[in-house]
Amino acid sequence: MGLLKYEDNEEVVLWMNTVGPYHNRQETYAYFSLPFCAGTKETISHYHETLSEALQGVELEFSGLEIEFKADISTTPYCEIQLTEEKQKAFTYANLDDLPVWGIVGEMEEGDGTPSYYIWTHKKFDIGYNTKQIVDVNLTSENKMKLTVGAKIPFTYEVNWKKSNVKYEDRFDKYLDPNFFQHRIHWFSIFNSFMMVIFLVGLVSMILMRTLRKDYARYSKDEELDDMERDLGDEYGWKQVHGDVFRPASHSMLFSAMVGAGYQVTVVVLSVIIFAILGELYTERGSMLSTAIFVYAATSPVNGYFGGSLYARMGGKIWIRQMLLSAFMLPALVCGTAFFINFIAIYYHASRAIPFGTMVAVTCICIFVILPLTLVGTVLGRNLAGQPDFPCRINAVPRPIPEKKWFMEPAVIVVLGGVLPFGSIFIEMYFIFTSFWAYKIYYVYGFMLLVFIILMIVTVCVTIVCTYFLLNAEDYRWQWTSFLAAASTSGYVYMYSFYYFFFKTKMYGLFQTAFYFGYMALFSLALGVMCGTVGYIGTSVFVRKIYSTVKID
């Protein structure tokens, strides 16, 4: 409601937002798209205060009700509608379509069992205030009237002000659900994931240290042999591919662009989580999305620096094309999916339909902010970290990859690599999905930060183990394998979203289905790029370490 602080008898503006299906809060429609009537007070126009409001379909419309700070209002009529057949059908259809429209209920008539529809015509506002600020609002509905064609339906309202001891900064606490988000299952899942981290780190340390110690001992013994004995020796394992392990990845332009985008997404996710912990972003409408857009645009140099430097170290020459791909890959996928869903929203006349001006604003951000900053990062990355400094020389002729057992094939490693990382986060996915697709406010960002750290550690451990076994099988195609093995976590998350859709929601229809699976695909894509990059970073450090520790001729 309007300003943060009010004087006695100062006007308080009551906005009507949107209506939508109860089982999908993301599908919304303008409040007055239904034949409600507004109060007699002069209309106040509303504009989108932020870009995120326009993207989220926020459509605030003035209610027309006269409300003044700390001024009680007894039952007062504010408008009346003549219920035509068209209006009656609109109200009843909204009820059948499961819209939580204010005051519309369906009841079965006694006898023939046909449904009748009623509307509550009286709004009672109980508003709590603390000094000069509004801290609590309760709305109740009274006076039920049957929806019959030709009836005149008067609407009334009353306002009661009550002093409250609730602090302004705690005003949202009543809307939070600690019994849901801080349930012992949530705590248990965190503890379970933490134990998984300890187990994995211990397992990785034990396997690698024992195995590498034997390898180091064998290779150190090899150094004491003369040339003929060394040539006749039986060398095997990861040392055999030392001349190919730092060979540039196939499709290096795409690979470096995805790694650069992954660096940026990782920084954005970590930054937004920290901002949410410090600033309680859930209390302001659209602030989470606004923060994410701002941080993403501001961190574009991170994308350019790491993607451009990696492409240069791999010997890439077409750096401008790589920079363009790195800058526009994720925005193009996000905008393409959003605009596709936008056409469906326009067809359904939903408020989620993105205005043309907002599309232009997003395009301008991509062209005039993200692109120049990515260019700056790319130039810096190529000049400061673009020189290859591999510990081993790369052979001129690639070494043939020997046959190996089926479970050591890169495709199998990629599929299995995401199982444990997904296992460490799938409980948290339930809470995140529920807060996004149902009427829950996610506020336990400390949990999210802890799960984020656990996910990063598990992903790095798993990809290191996978890469070591791959190299021991004398297969040097570790770059894409490590990236995709970690990124496959997103595939399991997307499959889990199917389970959630069919068993945890009651969504139906083209709009709800396309909206759900479209945005879940984007969520999974971003998660995959982030996990893939983290897995590749950890693996690259490991590979450089083992090949720089052992002296290789």
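Any Cβ shown, glycine's included, is placed from N, Cα and C.
Copied from TrEMBL, the annotated features are:
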- 187-209: transmembrane segment (TRANSMEM)
- 254-279: transmembrane segment (TRANSMEM)
- 291-312: transmembrane segment (TRANSMEM)
- 324-348: transmembrane segment (TRANSMEM)
- 354-380: transmembrane segment (TRANSMEM)
- 411-433: transmembrane segment (TRANSMEM)
- 445-471: transmembrane segment (TRANSMEM)
- 483-502: transmembrane segment (TRANSMEM)
- 514-537: transmembrane segment (TRANSMEM)
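A Cβ distance under 8 Å defines the sequence-distant neighbours of the transmembrane segment (411-433), meaning residues of its chain 6+ beyond its ends; these are 180-181, 185-186, 189, 192-193, 196-197, 200, 442, 444, 447-448, 451, 454-455, 458-459, 462-463, 466, 469-470, 481, 484-493, 496-497, 500, 504, 531, 535. Among the listed stretches 187-209, 254-279, 354-380, 483-502, 514-537, the one sharing the most Cβ pairs under 8 Å with the transmembrane segment (445-471) is 187-209.
Beyond the ends of the transmembrane segment (291-312), by six or more residues, the same chain brings 51-52, 252-253, 255-257, 259-261, 263-264, 267-268, 271-272, 275-276, 281, 319, 322-323, 326-327, 365, 369-371, 373-382, 384-387 to within a C-beta distance below 8 angstroms of the stretch. Take the transmembrane segment (514-537) and the stretches 187-209, 254-279, 483-502: counting Cβ pairs under 8 Å, 483-502 has the most. Within the chain carrying the transmembrane segment (254-279), a Cβ under 8 angstroms from the stretch's Cβ atoms is held by residues 287-288, 291-292, 295-296, 299-300, 302-308, 310-311, 314, 316, 322, 325-326, 329-330, 445-446, 448-449, 452, 479-480, 483, 526, 529-530, 532-534, 536, all 6 or more beyond its ends. Note on the transmembrane segment (483-502): residues 255, 258-259, 410, 413-419, 421-422, 425-426, 429-430, 433, 437, 455, 459, 462-463, 466, 513, 516-517, 520-521, 523-525, 527-529, 531-536 of its chain, located 6 or more positions outside it, place their CB under 8 angstroms from a CB of the stretch.
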